[in-house]
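Participant: Quick paste from TrEMBL:
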type	residues	note
TRANSMEM	29-51	transmembrane segment
TRANSMEM	214-233	transmembrane segment
TRANSMEM	239-263	transmembrane segment
TRANSMEM	289-308	transmembrane segment
TRANSMEM	314-335	transmembrane segment
TRANSMEM	342-365	transmembrane segment
TRANSMEM	385-416	transmembrane segment
TRANSMEM	538-559	transmembrane segment
TRANSMEM	565-587	transmembrane segment
Amino acid sequence: MGCCSSASSAAQSSKREWKPLEDRSCTDIPWLLLFILFCIGMGFICGFSVATGAAARLVSGYDSYGNICGQKNAKLEAIPNSGMDHTHRKYVFFLDPCNLDLINRKIKSVALCVKACPRQELKTLSDVQKFAEINGSALCSYNLKPSEYTTSSKASVLCPKLPVPASAPIPFFHRCAPVNISCYAKFAEALITFVSDNSVLHRLISGVMTSKEIILGLCLLSLVLSMILMVIIRYISRVLVWILTILVILGSLGGTGVLWWLYAKQRKSPKETVIPEQLQIAEDNLRALLIYAISATVFTVILFLIMLVMRKRVALTIALFHVAGKVFIHLPLLVFQPFWTFFALVLFWAYWIMTLLFLGTTGSAVQNDQGFVEFRVSGPLQYMWWYHVVGLIWISEFILACQQMTVAGAVVTYYFTRDKRNLPFTPILASVNRLIRYHLGTVAKGSFIITLVKIPRMILMYIHSQLKGKENACARCVLKSCICCLWCLEKCLNYLNQNAYTATAINSTNFCTSAKDAFVILVENALRVAAINTVGDFMLFLGKVLIVCSTGLAGIMLLNYQQDYTVWVLPLIIVCLFAFLVAHCFLSIYEMVVDVLFLCFAIDTKYNDGSPGREFYMDKVLMEFVENSRKAMKEAGKGGVADARELKPMIK
């Protein structure tokens with residue numbers, strides 16, 4: 001892995017001498033080996049599912065008798081209609097595709113291999129017979145000839161449910177899927193079982209389908225706004241805090257006013273000539289507007305009160321944001337870091353889902369109670385999906401931790417390079433190189449700790465969802481308390497891990513040593529951590545709110561004046577959630593930079609005093625920020641004896 005030496009002996013001393021970027025050594029090698037072995041196990045699961053024929057069953061599909069479509073099949077013992085030649089029958093067709101098993105989340109229908117999917121709706125058995133004669137695609141059971149479709153008494157059982165919906169083959173997976181929106185709504189009902197009024201769900205799904213172009217456009221708008229905000233942070237960081245504050249206040253007031261205006265306008269609109277179905281849609285939209293308007297009003301009042309309380313601390317954040325803005329000017333590739341992380345996560349999730357689908361079709365053929373074939377894995381291998389779920393969490397956390405270590409390494413390189421002209425050509429790539437050569441074990445260990453906390457929380461959440469409405473009040477309270485405690489523990493460990501990665505990037509120590517050193521530094525600077533992180537995170541939260549409000553306001557205006565939509569509650573929620581997710585991905589990078597800068601600054605002030613040979617690394621603006629905060633503490637009588645010496649920043 002490009003390293004062979006052990007950690008320096010200084011790591012064993014009680015008082016560590018920090019030497020930023022001077023010594024590099026491998027960290028947590030046993031954990032790297034363990035992670036590699038775990039990944040090999042993940043590869044074994046994928047290979048096993050493919051080798052046992054699951055890949056062919058997944059891609060080509062199979063009928064209810066175990067025959068894989070599009071190929072010749074071997075006869076299965078004691079199973080009728082197995083061993084058929086389906087070379088010319090390449091598509092899976094379900095006799096009743098909208099009949100779902102809500103418990104097992106699967107289609108509860110007989111599946112057949114056919115030559116072609118019915119592209120148009122077939123209303124009668126005569127239409128089914130005509131389709132078979134013209135296209136050579138028999139949609140009834142193999143035991144029934146096309147000439148018997150209209151004469152046999154068994155046709156009602158062996159033929160598809162009428163009317164047969166128009167369908168089209170799913171690309172690459174050879175399944176005939178209905179193209180009717182109502183059938184998609186039924187699929188959604190299998191996942192959303194808490195909706196009691198199915199007609200409401202049908203209207204919600206219809207609203208999403210008819211507004212999909214607007215949803216896509218608004219999602220792209222949120223992406224563009226996030227990129228613009230990141231550019232603004234780079235160049236106008238000094239006034240960014242005040243700009244965000246003013247824009248959020250105006251955006252909140254404007255959005256709230258628009259919602260109340262739309263509510264009043266629609267309430268006064270005449271409804272005498274509206275047909276009953278459109279009247280129901282109008283009432284749903286009016287109710288949604290009222291809920292949105294009330295929620296926006298409450299949110300605006302709370303936000304205004306918080307900003308009123310924190311107005312005196314806003315000035316303290318400006319200097320720190322200015323230094324972070326300089327980091328983005330020197331390290332422009334940081335802006336694109338969320339893209340690479342998201343791309344890596346998408347690739348892994350696609351692999352994970354594909355392997356999960358393979359596992360769902362692997363195993364030996366077993367005849368169920370209805371006489372049809374299911375594929376089940378017996379023995380210890382039936383628990384492979386547990387291993388697969390753990391892999392989803394651990395490797396996802398590993399990828400996110402790699403991003404944190406990469407950002408930390410790049411910012412540490414910037415901070416502790418006295419002459420910025422001597423920075424590497426691409427500090428991001430240099431940080432990635434150090435990560436791969438030295439610190440993958442540390443990242444594997446940190447992500448595993450998060451996994452150990454996340455798995456029990458997810459198990460408790462699953463138990464809570466399964467027992468919903470069945471457990472007593474005491475059990476419900478205990479479950480929610482445990483879930484809340486594990487969530488808080490996970491957040492604390494995430495923050496400590498991020499600072500541990502920064503300490504590793506600075507001094508090349510293993511995870512536990514870095515976590516201990518970072519924890520000591522943070523405790524010694526607890527007041528500064530509280531002041532800077534609280535205000536800084538709040539300002540970044542305002543940026544997220546600004547992007548969500550802007551996207552949501554644009555969505556309200558577009559959806560309100562679209563004529564062919566139905567209920568647009570769900571489309572607007574989807575857009576706002578996506579906007580918040582995009583804003584969070586981009587601004588979380590800025591938050592990481594601020595946290596790394598603060599830890600570097602704390603280490604700098606602890607081990608340097610400005611004397612010859614121990615000059616400060618920090619930026620002059622950051623030093624002025626600290627001096628002002630110290631003076632404010634002395635005036636308040638809270639920190640007069642903290643450090644009386646004058647701190648002299650290094651001359652840039």
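FYI, residue positions are counted from 1 along the chain as it appears here.
Cβ atoms are placed via backbone N, Cα and C, with glycine included.
TrEMBL entries are annotated by machine, without manual review.
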Participant: Do the transmembrane segment (342-365) and the transmembrane segment (239-263) share at least 3 Cβ pairs under 8 Å, sequence separation 6 or more?
Facilitator: no
Participant: Does the transmembrane segment (29-51) come near the transmembrane segment (289-308), with 3+ Cβ pairs under 8 Å (pairs 6 or more apart)?
Facilitator: no
Participant: Which residues of the same chain, at least 6 past either end of the transmembrane segment (214-233), have a Cβ under 8 Å from a Cβ in it?
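Facilitator: Counting only partners 6 or more residues beyond its ends, the transmembrane segment (214-233) has Cβ contacts under 8 Å with 208, 240, 243, 321, 324-325, 328, 335, 543, 546-548, 550-551, 554-555, 558-559, 562, 571, 574-575, 578-579, 582-583, 585-587, 589-590.
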Participant: Report, as numbers and ranges, every residue of the chain located at least six residues beyond the transmembrane segment (289-308) whose Cβ falls under 8 Å of a Cβ in that stretch; write 'none' if there are none.
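Facilitator: Non-local partners: 245, 248-249, 252-253, 255-256, 259-260, 262-263, 266, 538, 545.
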